[in-house]
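K.L.:
Quick one: this structure, given as structure tokens, is what I'll be asking you about.
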Amino acid sequence: MTDIGAPVTVQVAVDPPYPVVIGTGLLDELEDLLADRHKVAVVHQPGLAETAEEIRKRLAGKGVDAHRIEIPDAEAGKDLPVVGFIWEVLGRIGIGRKDALVSLGGGAATDVAGFAAATWLRGVSIVHLPTTLLGMVDAAVGGKTGINTDAGKNLVGAFHQPLAVLVDLATLQTLPRDEMICGMAEVVKAGFIADPVILDLIEADPQAALDPAGDVLPELIRRAITVKAEVVAADEKESELREILNYGHTLGHAIERRERYRWRHGAAVSVGLVFAAELARLAGRLDDATAQRHRTILSSLGLPVSYDPDALPQLLEIMAGDKKTRAGVLRFVVLDGLAKPGRMVGPDPGLLVTAYAGVCAP
């Protein structure tokens, strides 16, 4: 198990490479990373104002001209007006190309602050400090940034790798339980596409997997981050292999949009994982036991595994505009076995209907 008293570093081997440091009390690391910057802007969500101010003061103590930029929580903060606000503040305080941003918050804060960093002066440095499980294992690692528009989720964005990612496990101590549960969907995804030990650890004790004070969760986080780091290193710009990280996301993103983002990302992805497993099972590509294992593990963590039985026509319409769709043809990441991800391109409409009915069955 990962020793939460000793920081662990996972390297993301892109060019240039950067570290993902997992531990507790990592603000000293942040000071060291940014001590040579003239100005720094800390982009944070409302509930983290106190931590953001501590960061500002610590950087100021190192001679850095640091500022705070507060943005709305969750998906409400991932739109063009919020990015425009960040740009306006960056211009007002004079952030230059050799300065830096810090993102502090969940996955949405990482996405929008990362996009602002990618586009301001055509790219300035950013350090991510994710404070949610979802942000730690998914949004903060890999360099994907983006915002939502009326056309869809994350359709506007850029690849912009951070200077570093600091995963401070202490922030999980105060994370609401429903946030912890939803973040586990991305951990489970990593288990199915690449690291079955993740699934074994969860099955052994689902409640221990959700305990921020225990030693199981840090190990799950390390393993999930390692999966993503290895995939990103092999395919930074999502030309092919990185697409496997979208397992469960085609339907998941459609559910989020249909629900106007009232459903949490992890909850929607959980249903998407079950749907993708059912697609593969019906197509003869995945055995019954592994497909059922999706439901069992996700349910044991308190994640949803079914959705509105009447929603498929609307979901299909939304999925047709998904960024993973090419030339109007739906694409799904599916499994050809445990830790054997593949793709299903243009599935038969009848197969989609039958698979969705299976998801909606009690």
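Our numbering is plain: 1 for the first residue shown, then up by one each step along the chain.
In case you wondered, yes, glycine gets a Cβ from its N, Cα and C as well.
The NAD(+) binding site feature in Swiss-Prot is assigned to Gln45, 73-78, 107-111, 131-132, Lys144, Lys153, 171-174. What Swiss-Prot lists as Zn(2+) binding site is Glu186, His249, His265.
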K.L.:
Where does Lys153 (NAD(+) binding site) sit in DSSP terms: helix, strand, or coil?
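P.N.:
Reduced to three states, the DSSP call for Lys153 (NAD(+) binding site) is strand.
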K.L.:
Relative to the Cβ position of Glu186 (Zn(2+) binding site), how many further Cβ atoms are located within 10 Å?
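P.N.:
A 10 Å sphere around the Cβ of Glu186 (Zn(2+) binding site) contains 29 other Cβ atoms.
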K.L.:
For the Zn(2+) site given as Glu186, His249, His265, which other residues of the same chain have their Cβ within 8 Å of the site's Cβ centre?
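P.N.:
Same chain, not in Glu186, His249, His265, Cβ within 8 Å: Leu134, Asp138, Ala185, Lys189, Gly248, Gly252, Gly266, Ala268, Val269, Gly272.
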K.L.:
Round to the nearest Å and give the CA-to-CA distance linking Gln173 (NAD(+) binding site) with Glu186 (Zn(2+) binding site).
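P.N.:
Between the alpha carbons of Gln173 (NAD(+) binding site) and Glu186 (Zn(2+) binding site) there are 19 Å.
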K.L.:
For Gln173 (NAD(+) binding site), just count the other CB atoms lying within 10 A of its CB, please.
P.N.:
9
K.L.:
Between Gln45 (NAD(+) binding site) and His265 (Zn(2+) binding site), what is the CA-CA distance rounded to a whole number of Å?
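P.N.:
So the Cα of His265 (Zn(2+) binding site) lies 17 Å away from that of Gln45 (NAD(+) binding site).
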K.L.:
For Lys153 (NAD(+) binding site), which residues of its chain lie six or more apart in sequence with Cβ-Cβ distance below 8 Å?
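P.N.:
Result: His253, Glu256, Arg257.
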K.L.:
In Å, rounded, how far does the Cα of Thr131 (NAD(+) binding site) sit from the Cα of Glu186 (Zn(2+) binding site)?
P.N.:
15
K.L.:
Indicate whether Glu75 (NAD(+) binding site) is helix, strand or coil by DSSP.
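P.N.:
Note: Glu75 (NAD(+) binding site) is helical by DSSP.
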K.L.:
Sort the binding-site residues Glu186, His249, His265 by C-alpha distance from Glu75 (NAD(+) binding site) and give me just the closest.
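P.N.:
In terms of Cα distance, Glu75 (NAD(+) binding site) lies closest to His265.
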K.L.:
Please report the Cα separation of Lys78 (NAD(+) binding site) and His265 (Zn(2+) binding site) in Å, rounded to an integer.
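P.N.:
Just about 13 Å between their Cα atoms.
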K.L.:
Of the binding-site residues Glu186, His249, His265, which one has its Cα closest to the Cα of Ala109 (NAD(+) binding site)?
P.N.:
His265
K.L.:
Please report the number of other Cβ atoms within 10 Å of the Cβ of Glu75 (NAD(+) binding site).
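P.N.:
I count 22 other Cβ atoms within 10 Å of it.
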K.L.:
Starting from each candidate's C-beta and looking 10 angstroms out, tell me which of the binding-site residues Gln45, Thr131 has the most other C-beta atoms.
P.N.:
Thr131
